[in-house]
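Encoded as C-alpha cells, the structure appears first; notes follow it.
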Amino acid sequence: MLKIVKRPEGSHRRETLMRVSAVFFALVASAVIMALLGYNPFLVYAKIVEGSLMSAYRFRETIHKTIPLVVLSLGIAVAFKMKFWNIGAEGQLYMGAFGAALVAYSLPTLPSPLLLAFMMLVGAVFGGLWALIPALLKLKFSTSETLVTLMLNYIAIKWVSYLQYGPWKDPNGIGFPKMAAFSSGAVLPKVFGIHIGWIIALVLVVVIHILLKKSKLGYEIAVLGESDTTARYAGMSVAKITVTAVLISGGLCGLAGMMQASGIERTLNDQLSGGLGFTAVITCWLARLSAPAVVLVSFLFSVLIQGGAYLQSSMKIPSAVAGVLQGIILFFVLGSEFFIQYSVVFQKKKSAGEVHDA
Amino acid sequence: MSDHAYIELKNICKSFGSVVANRDVCLSVNKGEIHALLGENGSGKSTLVNMLAGIYSPDGGEIFIDGKPVYFSSPRDAIEQGIGMVHQHFKLVDVMTAKENIAAGSKTGFFVRGKTLSGEIAAIGQRYGLVVNPDKKVYNMSVGEKQTVEILKMLYRGARILILDEPTAVLTPQEIQTLFDILRNMKNEGCAIIIITHKLNEVLEISDRVTILRKGESVSTLETAGVSPLELAEQMVGRAIKLEVERTETQKTAEPLLRVEGLEARDEENVKLLSDMSFDLYGGEILGVAGIAGSGQKELCEIVAGLCKATAGSVRFMGEEILGMTPGKIIRKGISMSFIPEDRLGMGLVAGMNIVDNVMLKNYHASPGLFMDRAAGKKLAEKIVKRFDISTPSVFHIVKKLSGGNIQKVLLGREVDMNPHLLITAYPVRGLDIGASYNIYDVLNEQKRSGVGVLFIGEDLDVLLQLCDRILVLHAGRSMGIVDPRVTSKEELGLMMLGRGREGEAYA
C-alpha cells in the first residue's frame, strides 16, 4: 500500500540536490525515449554539447541565445515575484525591438553611443508600456493578466509582420519581405567577439538581484505577491507598486528585444525571437525567480537550443528533440517539488483499498 | 448493553513529518453518551477525530466500533460505519437548498425525488428536534441553521456517531441551547456524540464524560459530574492557573479619541453592511464589540483603518476626519489594527515571510533611502520575540511555520510596539489556548493603562463581559446599543446580538 507522508522541514541543500537529481532523471528519461526512436542517446547528448560549446563560433551562438534569455527571465521574475503572471515577454520583446527600430530608422546619423542609448531607452519604454496594458486592465477591471499578456504576444508579432510585409518593407529588397538593415551606428559593438549585451545582462542580474532582495520596492513587490489585502493594510499603494513592477518587467523584455534587433539581426523582423519569450518563462521558473540562478539555467537552455539545431544539421535528427528535452526537464523539476514536500512510503497492507491522506 | 464500549480507540499514534500529533491516545465512548474532548490548541483533538472520520489514517493503534476492529481509508468508509463529522467550517454548497445539500453525496438513485426527500428530512428532524426549511438556500441561512443542515446531513446518511468540532464557536447563547437540546435528543435515541470545545462551562453543561488531551497524549477521562472548571483547566494546561480575566481600572480621557457618527457602508450590490453606526471611544478604555459573526465587525474595523469605503457618516480621530484617508496616512496618525481573520494569516502578516520582514511591514518606509534596513528590523524582531515570549528557532523563521499562538503574538507584538493611540484588535485570541489567551488580555490591559484606546472585537461573551469597560452590541450592521458589562448578563447580550433590544418584550 502506498502512502504519502509530509516530509519534515528539509534543508536548503537537500532541496537543491533533489532539483539537480530531477534534471538528471529527466536526461535518463529522455535517453529512453531517444533509444526507442532508434537514436543512440549518448551520441545525441555528445552532439548537443559538441554543437553548442565545442568551437568558438558555436559557443558564441550559444551565448547569443543566453543573453536574451537572461534578460527576459529577469523581467519575468520581477512580475512573477508579484504573482503577476506575465507570459507576454515575447510580445514585449517585439514591441521593444519595434521601438528600437523606430529610433534606428528615424535617426540613423546620430552618433553611435547616443543612438544606441536612445534605442535602449525607447525599446524599454515600448516593452514596458506593452506590459502596462494588462496591468491597467487588471487593476481597473480585474481581468486575468495571464490571458491578456498571452494574447498581446500575437498582436505584437503580427504588428511586426505587418511592418515587414507592408509599410517598412525595404524598397531595395528586390521584392523580399524584409526591412532595411540598421545603419552601422545602430549596431551594438562587440566585446570578445560577442555583442556588448552580455555585459549589460550581467549588470542587470546584479541590479535585479539587489532590487528583489534588498530594496524597499522588492519588499513591496513580494508583499503584494503574497496578498494584496496585506499590502493595502500595510499602507502600500497597490496600483503604484503594480505599475512600477510591470514597467520594469516589460522594460527588461523590451530591452532584450532591442538587443536582439541591434546585436544579432541588425534589423527588425518577425523571426527575431523564435519563442525565446516563452522559453524564458520556463527558465525563470526553473531558476525559482532567483537572478543568479537565471544565468545558469538560461545558459543550460541555450546549450539545448543551440545543440538541438546542430543535431538537425549533423545527425538529421529533428531539432524538436531539444524541445522534447526541455519539456521533460521542466516536467521532472516541477514534479520534484512534490517530492521535496512529501515522501511516498510503503506500508504493510492492512485493508482493502488505498489510503487517501490529506 | 454489551460490555464493550461503542467506540474504542486504542493507542492511536499519528505524526506529520517530525511533529507528533497523537501519541498512544485512548478514547472510549458508549452508546447514549455525550463525550467531550478537551485540550489546548495543538493538543491533537482535531487530528484524533479526523482519524475517526476517515480523513487521516493512524500510523499506529486500533479503532473498534461496536467491538469490531475497523480500518478507514476514506471518509466514505467512516460514513458506512455510521460516523458523521460536523466540521468547524461547514462543508455546504451555498447556492443549493438544504435538502439538496443533505442528499448530495449519499447513495440515492440517479434522480433525487424532492418530495420524498423533504418527507424523509422532516421525519428525521422531528425525531431529533431539528427544524429547518428544506427548500431554503444555504446562503440565506444563519450560522445556526447551517449547522442544523450539517447535522441533518449526517443523520440522513445514517450516522449513529456524531463528531462535532468546536460547534459552538460561532453561535449565540440561544443557538447553543438549541444545539444542546438536539444533542440531548440524539443521546436519548442512543447515538454517541463526541464534541470538541475550548469552553469549560459547555463541557460541564453538556457532556457525560470528558477526555483531556495534552501535547498529543490522552491525560485522563473523567465523569463530568463532580469536576470543577478549574480542575479541568489545570488538567488541560498541566499546571495551576487562574480563570478570571482582569479588568484594570483606569482614568478615561476627557475627550473621545475616536468619534464615529452615522456610519454607513454598502457592498457592491448596494446592500447595507453597516447602517447608522455611532459611538465614542476614549483613551484608556477597552470598548468591546459583540455580535454574531458577519454583523459588520469586519467592515467597521476596515473603515477605521482606511481599507474599506464608507457611504455615509463620519469617523473623527482626535477631532480630525479620517474617512477617505489612505491606510498609510491613517497608520501614521497612530491607529493600529491587528485583525486576526479566520485563517489567521489573511491580513496583517505575510505568511511566507520571516519574522523580521513581518515586523517591518508597517514601518519599513520610515528608514531613509531605497533599501530595506534589515539590521534594524532584526533588532525589532528580537525585541518583540523577547517581550512577548514568542517561541521560534530564530527571527528568520517563516511566520506560517510558527504555531497559531506565536503567529498572533508576532502580529499583536508589532502593533503594540508601534505605540499606537488607538489599537483595533479583532479576535486576538481566536484559536489560542488558555495560557496564550491570558497573555494577550494582559497585553491589552497594559495598553489600556498607558492610555491607549482599545477597540476589542470579541467572540467569547464571558471574556467580553470580564475584560471590557463598555460593550457595543452589533446586529446586522446596526448598533443595538452600548452596555455596561458590570450590570449586563450573557443572556441579555445574546438577545441583543439577535436583534432584540434590551427593553424588548421578546424575552421573558
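Counting begins at 1 with the first residue displayed.
Each residue, glycine too, has its Cβ placed from N, Cα and C.
TrEMBL annotations:
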| type | residues | note |
| --- | --- | --- |
| TRANSMEM | A:20-42 | transmembrane segment |
| TRANSMEM | A:62-80 | transmembrane segment |
| TRANSMEM | A:92-108 | transmembrane segment |
| TRANSMEM | A:114-135 | transmembrane segment |
| TRANSMEM | A:147-165 | transmembrane segment |
| TRANSMEM | A:192-212 | transmembrane segment |
| TRANSMEM | A:233-259 | transmembrane segment |
| TRANSMEM | A:294-311 | transmembrane segment |
| TRANSMEM | A:317-340 | transmembrane segment |
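At the 8 Å Cβ cutoff, the transmembrane segment (A:62-80) and the transmembrane segment (A:317-340) share fewer than 3 close pairs (sequence separation 6 or more) and do not count as touching. If you look at the transmembrane segment (A:192-212), the same-chain residues 6 or more away from its ends with a CB under 8 A from one of its CBs are 56, 60, 63-64, 66-68, 70-71, 74, 77-78, 81, 218, 221-222, 248, 252, 255, 259, 262-264, 289-292, 294-295. Using a Cβ-Cβ cut-off under 8 Å and counting only residues 6 or more beyond its ends in the same chain, the transmembrane segment (A:317-340) has close neighbours at 7, 10, 15, 18-19, 21-23, 25-27, 29-30, 33-34, 39, 44, 48, 279, 282, 285-286, 301, 304-305, 307-309, 311.
Sequence-distant neighbours of the transmembrane segment (A:20-42) (same chain, 6+ residues past either end, Cβ-Cβ under 8 Å): 315, 317, 321, 324-325, 328-329, 331-333, 335-336. Segment contact holds for the transmembrane segment (A:92-108) and the transmembrane segment (A:233-259), given three or more CB pairs below 8 angstroms at sequence separation of 6 or more.
Contact between the transmembrane segment (A:114-135) and the transmembrane segment (A:233-259) is supported: at least 3 Cβ pairs lie under 8 Å, counting only residues 6 or more apart in sequence.
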